[in-house]
Structures are given as C-alpha cells and as structure tokens.
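Trainee: Below you'll find the structure I mean.
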Amino acid sequence: MTVGKLMIGLLIPILVATVYAEGSPAGSKRHEKFIPMVAFSCGYRNQYMTEEGSWKTDDERYATCFSGKLDILKYCRKAYPSMNITNIVEYSHEVSISDWCREEGSPCKWTHSVRPYHCIDGEFHSEALQVPHDCQFSHVNSRDQCNDYQHWKDEAGKQCKTKKSKGNKDMIVRSFAVLEPCALDMFTGVEFVCCPNDQTNKTDVQKTKEDEDDDDDEDDAYEDDYSEESDEKDEEEPSSQDPYFKIANWTNEHDDFKKAEMRMDEKHRKKVDKVMKEWGDLETRYNEQKAKDPKGAEKFKSQMNARFQKTVSSLEEEHKRMRKEIEAVHEERVQAMLNEKKRDATHDYRQALATHVNKPNKHSVLQSLKAYIRAEEKDRMHTLNRYRHLLKADSKEAAAYKPTVIHRLRYIDLRINGTLAMLRDFPDLEKYVRPIAVTYWKDYRDEVSPDISVEDSELTPIIHDDEFSKNAKLDVKAPTTTAKPVKETDNAKVLPTEASDSEEEADEYYEDEDDEQVKKTPDMKKKVKVVDIKPKEIKVTIEEEKKAPKLVETSVQTDDEDDDEDSSSSTSSESDEDEDKNIKELRVDIEPIIDEPASFYRHDKLIQSPEVERSASSVFQPYVLASAMFITAICIIAFAITNARRRRAMRGFIEVDVYTPEERHVAGMQVNGYENPTYSFFDSKA
C-alpha cells in the first residue's frame, strides 16, 4: 500500500505536467505569429489587431468607415507606424469582432461580423497551402491580368469545377491564396487546392491498386521529372521578375518606374552582349573551319546567321513585351492614385457643402472646390501625356487609345460642370464662389496644359479630326414656356445614342461620383446631342436673367461636303426633332463655356465672346507700338546727353602729385627741424 501510494503521488504531477504541456501550445498557437489587420464598420470606430492578438478600438472619433483602398493603406500605416506597410489584401473569411464603439465613444457593446484587411508588411509573400491526399494543387498566373481578391476567388472556384478527381468525382476549392501584387489590393494570379466532395471508395482503390502498380511507378517517375522541371522554372521566374511588380510604393511611383525601366534596359543590354560574344566565338570557329572544309563552313555560316537573327529578334520582342508590361502597371497605378485623389476631393467638397448649411464657411468650400478642379485637371494632363507618348512609340496603340482619350476629356469637363452645378442649392454661396472657381479653372488649365490650338504638337492630328471635335458640343433644348426663336437650317450630324451608351459602358472605370450626382438631381434633365463642329456661323440666343445666363437654343450651319452626307445628316436631324417633341423639355442652366469649342481649345473655353477680345487687341496694337517707340527714343536721347557731359568733363590738364602722403609728411617735419633718429645713431657710431 505504501509503495502504491508513492507511485500514485509520483504519477499525478507527471500527468498534470503532460496535460499542461499538451494544452499550452494550443492556447498559445493563436498568438504564435502576429498578423497586422484592420477592420471597419460604418457608424462605429475602427479596430486594429494588437501584437497580443486582440482587437483594439481606435481612440480617434473621426477615423471611421473607410472604403477607399488608399485610405485603408494610409490607416494601416497609421495603426502600425513601426512597420513598412506596402499593400493591403482582404482577409480570406469574415471575423466576428466584439466591443464595437459608436463614433461618440461609448458604449462599446456591439458585435459585428466583418471581413478585415490584412496589412502587408514589407515584401508580399503568398500563403503556403497544404495539399491533402486525393487533392490537387494548381494555379492561374498571368502578368497581363490584374484583378482584385474577389475575382481570383471566383476564378479558383471555376477552375476547380472543371477538374475531376481520380474517382471521377467533382472537386471544390479547399483553400486558395493570391499571388504577386500588381497594384493596391490587386493581384496577378491565384494558387488553390481542389479536393473532391466525397472521399473516394477505399474498396475500389484496393481492387485496382495491384493492377496499376506498374503504371503508378511510371507515373510517379514522370511526375518527379515534371516536378523537378517545374521547380526549376519556378526558381527562375522569381529571379527574373523585377521588384517593381512585387511592391507598390505609392509615394515614389514615378522614381520606381524609372528605375524599373533602367533595370530592364540593363538586363537587355547584358543579354545582347552575351549573344554578341557567342557570335564572336562562332565567327572564330567559322574561320577555322573555312580553311579545312569550305562547303561545310558555308553551311555552318548560314545556320549561324539564321540562329543569330532568331535570337536577336526574340530578345527585341521580349524587351518590347517587358516594357509594355511595366508601362501598363505604371499606368494602372497612376490612374488608381488619380481616381483616389478625385474621390477624396469630391468627398471633401460635399462635406464642406454640408457643413456650410449649419455654419457658413465660403473659404472652405472654395478651397475644396479648387482641390477637386486640380485633381480632375491632373487626370486630364496625364491622359494627354500618355496619348502623346503612344503617338511617338506605337501609332496603332495610339489609334486604339484615341476613343478613350476623347471619352475622358469629355467627361472631365462634364464632371467639373456638374460639381459647379451643385452650388445652385446655395445662391449666396454660388454668387461668391462660382466666378472665382471658374477663373481658377481657366487659369490652372492655361498653366498646366499645352497650348494645343496654337502649338504644332503631336496632338494636332486628333484636334483636326472630326470625331475629336465632337467631344463637348451640346445642343440643349429650352423649356416650352420660353418664346421659341426663329429656326435656321440645322444640318448637324448627330451620333446615335447607342454609341454614347456603349462608350460609357466601355469606360466605367473612369466614371466619378459626380456623374451620379448630376444624374440624380431632380430638377436637372437634359438631352445631349454630340454635334460635328465645322461651323460657318453659330448663333446663340441668350435669355438675360438676374442670376446666370441661360442657353435657350443653338442652331449650327455646317459645310456641305457631299450630297449623300447632307441627306443622311438632314434625316438624322429630322428624326431627332421628332424625338424632342415626345420628350418633356425642362430648363437646364449650363455654363456658357459648354457651347464653345472643345475643352482642349483652352483659350476659347471660358470666353463667351472671343471676337470682342480679338477686335480689342487689334485696336490697341498700334498704340502699344507707338508708346514703345516713344520710350525707346527718350532712352536714346538721355544716353546721348549723358555721354556728351562725361566727355566734356574729361577735357583739360590734371596736376599729378609725384609724392606720397608719407613723403610729404616727412618733408614737412624736416622743415621744422626733425631729424631721423636712425641717421643720428649711425653717425654717432661712426
């Protein structure tokens, strides 16, 4: 009994220690690797993951409900200042988080299930996936594609549905992970594991196992060889991929793009040097063989030339392809940043208008409106610069890109006009802000945009193209309550509405929230017709009112190039008139600049009567020249008089004193009896 009690006393602590050792890893495994994550829920304060593995509420009241990707990236950097946050990615599943606080701060008692965002620290590394038995691993990766997390999740599901297991079972996605990032929360591919819905029948496997042993051995050998080759390829691909594709540094995007181009050119130069070195070795071999076997040497030379040309052409094609990939990624990142800036500027402008209702603040509204105009104009300038670059680099791609340029330039002006139209709900604010904003818009465009209407630039072909001239010409019908002016000939050529709709659908990526605001405004309904601009004369009837000029009706008279063209244009204009009768016509207050030529004619954009300005400048030109000549004559006469006076003053003789002031002083002292002590000293010595 004593021995038994002693054994029990020794075994109990051992069992307790064993249970604790087995249980402690399970409990601490949750916090074994810290993952920086942030979570958002509108109406509540943001939360972020601490290093202990618990969710913490943000202390700031205004840090709430972020939806833009750039805002989320900035918040990640703010929540984790010690980390190098370079990108974000949605978490793979929703997480239930408790203790959500209202924006006011308390109480903190709500629980929500949200999908947090993983803040990528440093270089992006894809998650390692486990492949269970009877499951298959696969991946989809293309540098030409750049899509978000949800797209690659759906793509993984589609790929697994097309696969079959060994037992001819349908397969589903077990796990997946996105691959290399190409932009903010955008990725180039996905890797996934597909598993069968049901486990395979073990009895069937045992029956066929003995018959298929030999085949399995061969398949295993083949799979080993294939895996070795694929491993070699996988090892080569990351080394050849430029770091620019892996990490997106939004603050230094332009510098990173230039460095990536330099690295790409350096790699291409090294490859060409290597080929030239091989060519030199082959040339030496050819010369040696030519002395021994001339026919064989000529055959070898022809093969060598063909191989060399093929190698050089493949290197050039690879270099062009890599350059296009880098430019495409750069364009996408820049456009994403521009869209994010426009979105932020629109949000600030609307918030300033909402604040102005309770607390008038004209300065804040004006500053936010200027910031929005700057964001739109930067997008416009970027579009023009990209088109100019494509004209120099690839004319075919530039021709394909031209409709997008037309669409973007048109909608940039429409969005800015729609933003200005939001001021109509505040008459006092509109009277103060609108003239300043319109003047600032014109001055800023004059400053940042090239003078395309005068300058002989690369955009000249697109300016003189008829299709490009259609981008901002609007024919807006007046309400039925106004007096109808006398109609003139209207041979305008009207584009079908289906074309404009398809154009909008093709470029939804560049749409902004301002378009939706304009469309949703109840007292604004307009019929827009895009008209060819080759006018002989344009007559505009303007109804004068107290607040703003209102465009009543415009009639355009175009040149007659062809009889067929005239007939088609007249029929199209008649059909449009019939449609206008069936549509309820409402008044639309628009800027006078809309009825002027397109936005790229920047001098005429914001001037209602450019003829007056031109006539005024021609009248004052002689006066300016006469005043300049008069001032020049006065300057010449004054210079001549001054020069004559100087010459007159220089005439005569000037007495020159050969003695220095010291010598004159010593001579004066000697006259008064002064003797040099040095001389007297030497006289006494002698």
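From the backbone N, Cα and C atoms, a Cβ is placed for every residue, glycine too.
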Trainee: In Swiss-Prot, C195 is paired in a disulfide bond with which of C108, C119, C135, C146?
Mentor: C135
Trainee: Let me make sure I read this right: Swiss-Prot says C119 forms a disulphide bond with another cysteine. Which one, out of C76, C146, C160?
Mentor: C76
Trainee: Disulfide partner of C182 per Swiss-Prot: which of C101, C108, C146?
Mentor: C146
Trainee: Can you tell me how far the Cα of N417 (N-linked glycosylation site) sits from the Cα of N249 (N-linked glycosylation site), in Å?
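Mentor: Given the Cα positions, N417 (N-linked glycosylation site) is 33 Å from N249 (N-linked glycosylation site).
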Trainee: Can you tell which of N84, N249, N417 has the most other C-beta atoms within 10 Å, given these are the glycosylation sites?
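Mentor: Buried the deepest by this measure is N417.
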Trainee: Quick check: in three-state DSSP terms, what is N249 (N-linked glycosylation site)?
Mentor: coil
Trainee: Fill in the CA-CA distance, N84 (N-linked glycosylation site) to N249 (N-linked glycosylation site), as an integer in Å.
Mentor: 10
Trainee: What are the helix, strand and coil residue counts for the motif 'YENPXY motif' (674-679) according to DSSP?
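Mentor: Tallied per class, the motif 'YENPXY motif' (674-679) gives 3 helix, 0 strand, 3 coil.
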Trainee: Which residues, given as numbers and ranges, are at least 6 beyond the ends of the motif 'YENPXY motif' (674-679) yet have a Cβ under 8 Å from it?
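Mentor: For the motif 'YENPXY motif' (674-679), the list is 666.
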